[in-house]
Amino acid sequence: MKLQREVYIAGVGETKFGKHTVDFDVLGREAALQAMNGSNIDRPDMIQSAYVGNGMNDMTTGQAVFRGLGMCGPNLPIINVQSACSAGAMAVFCAIKDVATGVTDLSIGVGTENHTMHRQSGAAFSAARSDIETMHGAVMTGKYAMRATRYMHETGATIEDLAMITVKNRKHATHNPYAWFKGAITVEEVVNSRMVAYPMTLQQCCGIADGAAAVVVGSKEMMKKLGIAKPVKVAGVVVESGPYHNRPRDITGDDITETTSEKLYEESGIGPKEVNILELHDAFTIAELLYYECMGLCKKGDGLKFLRDGQSTYGGQCVVSPRGGLLSYGHPIGASGAAQIAQNVKQLRGECGGYQVGPTPKVAMSHVTGGGLSGTEHAACTMHMLVKGW
């Protein structure tokens, strides 16, 4: 989406991810309140539109969230967004779109989810419950397992290589107070954890979590009015829908991620080698390897070398998932994309303490896919490019 005027992040908020005993509306409220307080907002009616992403819980999630803040009523349009794992990021996209087009000067995007209190089966992640692939057991873990075995066949990668992704991301999460799983784990421990779908062992699969995140966005004029001291600019944002494939294709690629990232680079004027921080959709270890290549961080087939050479960790070309990624942070479906953005904002502001990426990161990118459409293709993909300063 071409931004018609400059848009900035005013404030962000998030809850700790994991298992919660309070419902999605309470979690969403906590994150939204944090984001608004961090934006120096002294009156709730300053927010002119609200978008709330949710994957599995309620048809009026947004109204439930803002009801408890006394913000429901005729002067605040609250729009609910459903797009599976991409829902939270898409809610932020919609808020950005409002500000970019001049519809509002200050908007909020929220993602919230509680799976502990609202259990769902893996079939719920399909674009259609009657989809023949899902009916025959082709759920997400199985699809990523097939991609992993093909990648191993083509590149010579081993299950131990895949396990290195979990080891890296768990190490990144060590000092992150919001992460669910943290602390050192070895390649052997990852490989020897329970097999789910070869070669995906349990520790190579993200944990489905509860949690929420929120992002307040506004115009440049509004940022100055609010006295935002550490501005973060939205350099670009792209939402894509996946193509339908009815023929054989390369399952080690990801058409929707390639298309979305190419458009984002063009829109923002920023190339993959200029990105300092990347939060990507590492729902499974193999996903991170494939996305290195799909987003142009390295050449096709060089993802494993990129990992082994330390290019995706501190001191490398681009720190991938410094918060710990979905593999360590947990994955509350509708909230994950918004949390990626919130964490990138904190990194660009230098607020991440023990897991801060260097003293002066300037560019941060986030990527999240949502649902399944056909074969290994995703139904949706949302990407944001953020830069430090005005």
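Cβ atoms here come from the backbone N, Cα and C positions, even for glycine.
According to Swiss-Prot:
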- K19, S121, G122, R194, C205, C206: CoA binding site (BINDING)
- C85: active site, acyl-thioester intermediate (ACT_SITE)
- H331: site 'Increases nucleophilicity of active site Cys' (SITE)
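Each of the recorded positions C85, C205 was scored by other CB atoms within 10 A of its CB, and the lowest score goes to C205. Under DSSP, C206 (CoA binding site) is assigned to coil, being neither helix nor strand in the three-state scheme.
Separating the Cα atoms of K19 (CoA binding site) and H331 (site 'Increases nucleophilicity of active site Cys') is a whole-number distance of 11 Å. Shown are the recorded positions K19, R194, H331; of these, the residue with the fewest other Cβ atoms within 10 Å is R194. The residue listed as 'active site, acyl-thioester intermediate' has its Cα within 10 Å of the Cα of these recorded positions: H331, taken from R194, C205, C206, H331. In this structure the C-alpha atoms belonging to H331 (site 'Increases nucleophilicity of active site Cys') and C206 (CoA binding site) are separated by 6 Å. Close to C206 (CoA binding site) in the fold, though at least 6 residues off in sequence, lie D282, A283, F284, G325, L326, L327, G330, H331, each with a CB less than 8 Å from its CB.
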